[in-house]
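Let me begin by presenting the structure, written as structure tokens, before commenting on it.
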């Protein structure tokens, strides 16, 4: 897997819990949403199935859903990342692993991850970024939440777009993916701040027209 920052440009994150607003089977809805998002041009997908409404209590179904998502991503040659679950990521041969500050320690993931795996770490303050910048094995930082968000029950306070610029001024050179409350209206505020990509959850899972939404977001990034 070629680890270049273009893979981070439009980074979709979702799990079954993010599809509970739709009637019927949330796993089926996730696969349908992912298929449309891949066709529309997302550059990366992170399987983050955790928390209330997820399949955490049914590991068989959760693994099955993860494998189906992986297969869709491979069909479209888009990296498939697993959030936090090292065991799952290695077992189903994901393209990468992502962890947060309160999840599995990144040092443990580095010890167990094959060298070809993409590794990402969530960052929400400068001290975390400066400490992790020294770890060469980390490929990118997920930084946020940039704007207030309801997609994650455990989300921290919003840090604002200027936080990314501040990290760059502090000497942070790793690729940055901005996450949290990003939509068409506030995306222009992130331009020229130093992020290589944006990560989205509800902006895609709750879009009435997924293809149109993804293409609009891509166009804003290009213009």
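Easy rule for this one: first residue shown is 1, then count along the chain.
Cβ coordinates come from backbone N, Cα and C, glycine included.
The 4-amino-2-methyl-5-(diphosphooxymethyl)pyrimidine binding site annotation in TrEMBL covers 46, 47, 48, 49, 50, 83, 122, 152. Long-range C-beta contacts of residue 49 (4-amino-2-methyl-5-(diphosphooxymethyl)pyrimidine binding site), restricted to its own chain and to partners at least six residues apart, with a cutoff below 8 Å, comprise 15, 16, 17, 55, 56, 62, 65, 66, 83. Under the DSSP three-state reduction, residue 49 (4-amino-2-methyl-5-(diphosphooxymethyl)pyrimidine binding site) is assigned to coil, being neither helix nor strand.
The feature Mg(2+) binding site is assigned by TrEMBL to 84, 103. Using a 10 Å radius centred on the Cβ of residue 103 (Mg(2+) binding site) and all shown protein chains, the other Cβ atoms total 16.
What TrEMBL lists as domain 'Thiamine phosphate synthase/TenI' is 10-204.
Between the C-alpha atoms of residue 50 (4-amino-2-methyl-5-(diphosphooxymethyl)pyrimidine binding site) and residue 84 (Mg(2+) binding site), the distance comes to 9 Å.
The secondary structure of residue 122 (4-amino-2-methyl-5-(diphosphooxymethyl)pyrimidine binding site), as reduced to three states from DSSP, is extended strand. Under the three-state DSSP scheme, residue 83 (4-amino-2-methyl-5-(diphosphooxymethyl)pyrimidine binding site) falls in the strand class.
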